[in-house]
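Trainee: My structure is below; once you've seen it, I'll send some questions.
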Amino acid sequence: MKNLIKKFTIAVIVLSILYISYTTYISMNGIIIGTKIHKNDKSQFMIEEISESSYGQFVGLRQGDIILKINKEKPSDKHLKWGYLSHINSLDILRSGKKIHLKDFDLVTLNRPYSFFLFVLPLFFYFLSIICIFYILKVNKKRRSFAAYILILLLLDISIAYISAGGPFRGHIINRYINLFTFISSPILYLQFIQRYLGEIGKTFLNRISFLYIIPIFNLGIEFFQDYLQVDIDFLATLNLVSFATLTLFSFSAIYLHLNKYKYAEHSFILKLLILTNTLSFAPFLIFFVLPIIFTGNYIFPALASASLLVLIPFGLVYQFVANKMFDIEFILGRMRYYALLAMIPTLLIVGALVLFDVMDIQMNPVRQTVFFFVVMFAVFYFKEVMDFKFRLKRFSEKFNYQDSIFKYTQLMRGVTSLQQVFKELKNTILDVLLVSKAYTFEVTPDHKVIFLDKHEVGPDWNFYQEEFENVTSEIGKIIEVNQGFLMKVGERGGSSYVLLCLSNINTPRLTRDEISWLKTLSFYTSVSMENVLHIEELMEHLKDLKQEGTNPIWLKKLMFAIEEKQRSGLARDLHDSVLQDLISLKRQCELFLGDFKKDDNPCREEVQDKLVQMNEQMSDVISMTRETCHELRPQLLYDLGLVKALSKLVAQQQERVPFHIRLNTGRFTASLDLDSQLNLYRIIQEFLSNAVKHSQATDVLIMLISIQNKIVLHYEDDGVGFDQEKNTEHSMSMGLSGIKERVRALDGRLRIETSEGKGFKADIEIEL
Amino acid sequence: MKKILVIDDHPAVMEGTKTILETDSNLSVDCLSPEPSEQFIKQHDFSSYDLILMDLNLGGEVNGMELSKQILQENPHCKIIVYTGYEVEDYFEEAIRAGLHGAISKTESKEKITQYIYHVLNGEILVDFAYFKQLMTQQKTKPAPSSQKEQDVLTPRECLILQEVEKGFTNQEIADALHLSKRSIEYSLTSIFNKLNVGSRTEAVLIAKSDGVL
């Protein structure tokens with residue numbers, strides 16, 4: 001389908017070029033198509049046939065007229081082209097024996113206004129269309145849009161309709177059909193384009209449009225068979241105009257209704273733009289020509305003049321299509337205001353000149369006029385450029401550009417990870433918006449040495465600006481303007497400053513207020529981003545160092561050895577103080593007993609027995625003490641049977657030696673924890689109890705270990721003296737708590753303590769599972 | 001002649017036990033030190049022994065209780081006694097649960113150990129009266145949460161009261177808030193304490209939370 005329409009489009013383009021060449025040739029030679037001249041046997045030039053729409057009819061020629069003189073000369077073959085009259089200024093004819101002088105041939109030879117409306121304007125339109133088509137094809141190479149071809153067809157359709165509407169070739173019968181068809185089908189193509197375009201951006205417009213082609217085909221049919229149907233020519237013209245008006249109004253209302261329906265949709269601006277160009281271009285033609293003709297039979301302005309604004313439609317579409325920009329309508333209007341002001345100047349110039357010419361009676365032919373207007377327009381554009389530059393006239397859009405560029409810049413900053421990237425984006429942003437052509441980054445050290453940072457680029461001669469470099473470093477965002485640009489401080493690290501030097505190839509562009517505040521904002525953003533990037537870099541360095549140290553940093557190893565050594569010495573002291581002393585004493589007793597035993601040849605049996613029993617008991621004591629020490633060091637029961645059992649035993653053991661009553665409730669503890677967590681909880685409870693023994697003076701202690709949903713809660717509560725948390729941070733109770741806090745942290749839990757002097761002590765530990 | 005196996009990781013203890021037990025001419029004793037390998041169970045035929053004395057802390061990763069369970073899985077008729085230097089009471093319940101024939105302390109006298117062994121060979125175990133009593137009463141006072149009796153379920157009013165208790169209100173404040181008498185609040189709290197088997201307000205609140213009542 002796409003291939004087919006592509007071929008079709010190209011064929012139409014080629015045909016249009018042929019057609020335009022043909023019509024141009026005719027127009028240039030002023031050939032009156034449709035007025036056939038026959039040289040009869042008496043060597044007389046006679047009008048043999050004259051068609052309905054031929055210009056011959058307009059200028060007053062009738063069939064059967066005999067031409068006596070052409071341009072006041074005797075008619076010869078040089079005045080004929082393909083059997084038609086050409087280059088005619090005046091005619092002397094003989095009609096039914098009467099001599100008639102005809103000299104009003106301006107229309108045919110395209111003199112004065114006719115030339116402009118019938119030839120220059122349509123041709124100009126056509127060339128513009130061709131240029132547009134070229135752009136569309138170029139853009140479409142990437143886009144591969146179906147709508148593009150319809151747009152091309154629409155452009156060709158309108159320009160051919162325009163060209164074929166008037167001119168000496170009007171009399172051509174085929175031309176008449178071409179004009180009729182292209183003219184009436186243009187609104188349909190227009191609708192089709194919009195339908196396709198919206199369809200391609202995923203929006204639905206009207207469904208089937210092709211059936212509308214029935215209307216132009218119907219018109220063609222009537223035109224073709226007008227002789228058989230005996231239709232009045234005026235009626236035919238009105239019918240054609242009505243068809244056109246209907247279709248145009250139909251497309252208007254379709255777009256307008258669609259806009260109304262999707263007022264807030266994202267493509268509404270496209271529709272708004274369409275309506276705008278539509279109204280501007282179709283409205284004059286419709287209001288000043290079509291509708292008056294239909295209703296009154298008279299027009300207000302001639303068709304070709306009022307249709308000249310039709311140019312706007314296709315070019316509106318073309319711009320939108322090529323730019324494919326989501327610009328909003330306000331932006332355009334803002335611009336339009338500016339352009340409207342600007343357009344006043346050439347308008348006044350031209351009108352003034354024309355009035356002057358009229359007064360002084362200076363005649364200008366179209367070519368001269370074209371050259372004149374071209375020069376005026378060119379001068380205006382050039383003038384505008386100079387004005388913009390000289391007075392720093394900002395187009396209305398620039399206001400948006402500042403905001404937009406800062407927004408874009410901050411967006412970019414989110415992604416940067418290195419200093420180079422920050423500078424690169426900053427430079428791009430500044431070069432995009434300001435009239436500077438080069439931007440460089442420098443580092444200024446605390447001793448005012450300037451280092452060029454863009455190593456891979458050729459730097460400017462920055463020695464000129466040494467003084468400025470020194471002055472600019474006082475604060476971030478400071479700007480110093482130099483003869484070809486400006487310097488700006490954008491950030492600092494340590495004592496060094498980062499300075500941006502922007503230069504322009506042309507004269508000094510002085511910075512406006514807006515630009516300065518924009519630049520300052522940019523530099524603040526940059527310095528913040530730079531700081532972040534620098535922090536990240538430092539952090540990365542640090543992480544790299546840590547990684548090099550491996551999983552066991554030296555300090556940790558040292559600490560672990562120290563702890564191990566301390567625990568060992570503690571253990572050794574305990575063993576030395578208890579078990580060892582007991583064993584030594586046992587050994588002494590044994591030795592004494594043995595000594596007695598040897599001395600005494602007749603030992604008393606009972607005495608030996610007593611001694612042995614005594615020693616056995618002592619050994620049992622040593623064993624149980626050793627066992628307790630072992631349990632203290634490593635709660636074997638916890639390893640073998642779990643936390644609940646171990647806690648029961650701990651509480652049972654403690655109960656025997658503490659002065660308060662302990663209540664332990666682990667009945668709702670159902671969680672299964674890993675060994676380390678169990679051990680941590682065990683040690684925490686041990687610590688709570690030892691704190692209670694040492695400080696609390698409590699009479700009742702409650703310990704609850706409980707599962708609540710997916711949490712474990714350890715609740716400790718006593719009715720002891722408590723302490724003031726604020727005051728006694730160095731309190732030994734707090735010291736004991738610090739160990740608990742560390743363990744809670746290791747468990748990734750939360751500790752909440754509730755206590756005050758004389759109010760007991762409560763602690764809640766929550767651990768998420 | 002009854003064959004006994006002692007599993008321990010201390011050669012001195014094994015030899016000592018062997019010497020003590022073999023003073024009884026009806027007992028013959030073998031000793032075995034376990035290695036922490038999967039093959040250990042399969043390599044030895046435990047079924048030929050009438051009784052096994054099993055140490056708990058077998059060094060390294062080997063746990064006597066686990067080892068016993070594995071042996072019982074292979075030889076369900078084996079009679080195993082926990083033989084430990086730790087306090088026997090701690091392990092007794094767990095041992096019975098695991099299908100072992102109780103536990104005996106390494107520090108017990110020769111007579112007591114042999115006596116215990118003979119009882120086990122007859123399919124009986126010796127339990128200390130005080131311990132047994134404690135075991136029985138514990139069972140009674142600590143019902144499993146799943147088998148809650150119907151009368152132990154909190155009434156809606158009790159739940160409401162507990163909610164107020166959680167906010168830290170006194171009995172009087174709760175009474176005012178719920179338009180009840182202070183006495184009825186006290187009565188309800190007693191009922192709650194009994195049902196939840198707790199001794200304090202905090203305990204009650206925590207238990208209720210755990211049960212999902214609050």
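Note: Cβ is positioned from N, Cα and C throughout, glycine not excepted.
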Trainee: So, in Swiss-Prot, are A:F193 and A:N260 both on one side of the membrane?
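Mentor: The record shows them split across the membrane, with topological domain names that differ.
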Trainee: In the three-state scheme derived from DSSP, which category covers A:H576 (phosphohistidine)?
Mentor: helix
Trainee: With the transmembrane segment (A:114-134) as the reference, which stretch in A:10-33, A:145-167, A:273-295 has the largest tally of C-beta pairs below 8 Å?
Mentor: A:145-167
Trainee: When the topological domain 'Extracellular' (A:168-235) is classified with DSSP, how many of its residues are helical, how many are strand and how many are coil?
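Mentor: For that range the per-state counts are 54 helix, 0 strand, 14 coil.
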Trainee: Across the domain 'Histidine kinase' (A:571-769), what does the pLDDT come to on average, as a whole number?
Mentor: 85
Trainee: Using a Cβ cut-off under 8 Å and a sequence separation of 6 or more, which residues in the same chain sit near A:H576 (phosphohistidine)?
Mentor: none
Trainee: Could you put numbers on the helix, strand and coil content of the topological domain 'Extracellular' (A:296-299), residue by residue per DSSP?
Mentor: 1 helix, 0 strand, 3 coil
